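Colleague: In case it's useful when we look at the structure, here is the feature table from TrEMBL:
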type     : residues                                                     : note
BINDING  : Cys17, Cys101, Cys199                                        : [4Fe-4S] cluster binding site
BINDING  : His46, His79, His129, Ser227, Ser228, Asn229, Ser272         : dimethylallyl diphosphate binding site
BINDING  : His46, His79, His129, Ser227, Ser228, Asn229, Ser272         : isopentenyl diphosphate binding site
BINDING  : His46, His79, His129, Thr169, Ser227, Ser228, Asn229, Ser272 : (2E)-4-hydroxy-3-methylbut-2-enyl diphosphate binding site
ACT_SITE : Glu131                                                       : active site, proton donor
Amino acid sequence: MADSPKRVLLAAPRGYCAGVDRAVVTVEKALELYGAPVYVRKQIVHNKHVVTTLEKRGAVFVDETDEVPEGATVVFSAHGVAPVVHEEARALSLRTIDATCPLVTKVHREAVRFADADYDILLIGHEGHEEVVGTAGEAPEHIQLVDGPDDVVNVTVRDPDKVVWLSQTTLSVDETMETVRRLRERFPSLQDPPSDDICYATQNRQLAVKQMAAECDLMLVIGSRNSSNSVRLVEVALEHGSRAGHLVDYADEIDEAWFAGVSTVGVTSGASVPEILVREVLELLAARGYDDVRPVVAAEESIMFSLPTEIRRDLKAAGKSDKMRHDASFAEAGSLH
Ligand code: SF4
């Protein structure tokens, strides 16, 4: 095996999605417009490097709204918040900027709509994840969490003919379909969401990994441990034939022992990961002889979201640009950690 040609399969799409890009630029523009500090409730996106970089520019990350001083500016993260959080912010007279990804907002709206029609809503997702807490908060009396296929036995509903499932946006597509299959066995009239809740970015990143996993001796996924979609990419790689798979925040977390007998390394990154971190991993691989890099393209992405209304309004009033700069703001950051 030591003499096998060394190569890298590089997944595309990978890294930043439109919702993350929008959320990160929202914090940058808020700092530009209002000056530091700008408070951010929870991590704006689940990536250590992004959070550390924004902290250095004056963002202050807090866990709860009541940690923000009265009258200050607070940004709500891409994962979304429950209505009660907006109420808390109003009570503290905070200037709020909502960076919830529009695709998460779509799921919130579905939840409200089905709750208004008095459905039991089965929300497939991971217990305690911020997105799930936010979505469930839209209609707590109608929503129950289903945390994977094995949780289906615990579900009870009022009327089996009036049940719908919704989901967190960053789940494993295959595991979610298995959960739905088991739910439907119990509730044959179960309704599907009006459109896919697992977002395009999650689906495309998993698709690319599926296409290359069987050829990989090692899959390196760049992403943080609290990033749901990144963790799923490691699982998908292992399920689809990669002989090993690891999640790393930075290139320097890669263990040399992982390369023993490895010919083909797969590389991808979660939806909250700036490309600079992928480049650092590719440089490390090249230095070890893995310099033949072949892209595996599963889909093309061109989605972009405009900035939140509050920011666009204030940028316009200040005569500043509201253009998005895809992933560029971290390009010069290098190894900041
Ligand atoms: S992963 Fe999907 S839902 Fe989450 S921020 Fe990105 S586009 Fe939005």
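Yeah, the Cβs are placed from backbone N, Cα and C, and that goes for glycine too.
Any idea what these are sitting next to in the structure?
Modeller: Cys17 ([4Fe-4S] cluster binding site) falls within neither a helix nor a strand when secondary structure is assigned with DSSP, and so counts as coil. Counting only same-chain residues at least 6 apart in sequence, those with a Cβ under 8 Å from the Cβ of Cys17 ([4Fe-4S] cluster binding site) are Cys199, Tyr200, Ala201, Ala271, Ser272, Glu301, Ile303.
According to its DSSP assignment, Asn229 (dimethylallyl diphosphate binding site) is helical. In sequence order, Thr170, Ala201, Thr202, Arg205, Gly223, Gly270, Ala271, Ser272 constitute the residues six or more apart from Asn229 (dimethylallyl diphosphate binding site) in its chain with CB-CB distances below 8 Å.
Classification of His129 (dimethylallyl diphosphate binding site) by DSSP places it in coil, neither helical nor stranded.
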Colleague: Fill in the CA-CA distance, His46 (dimethylallyl diphosphate binding site) to Glu131 (active site, proton donor), as an integer in Å.
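Modeller: Pair distance, Cα basis, whole Å: 11 Å.
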Colleague: By Cβ count within 10 Å, point out the most packed of the binding-site residues listed: Ser227, Ser272.
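Modeller: Per the Cβ count, the most surrounded site is Ser272.
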Colleague: Which whole number of Å gives the largest C-alpha distance between any two of His46, His79, His129, Thr169, Ser227, Ser228, Asn229, Ser272, the residues noted as binding (2E)-4-hydroxy-3-methylbut-2-enyl diphosphate?
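Modeller: For the residues that bind (2E)-4-hydroxy-3-methylbut-2-enyl diphosphate, the greatest Cα distance is 15 Å.
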Colleague: Translate the DSSP assignment of Cys199 ([4Fe-4S] cluster binding site) into the three-state scheme.
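Modeller: DSSP assigns Cys199 ([4Fe-4S] cluster binding site) to coil.
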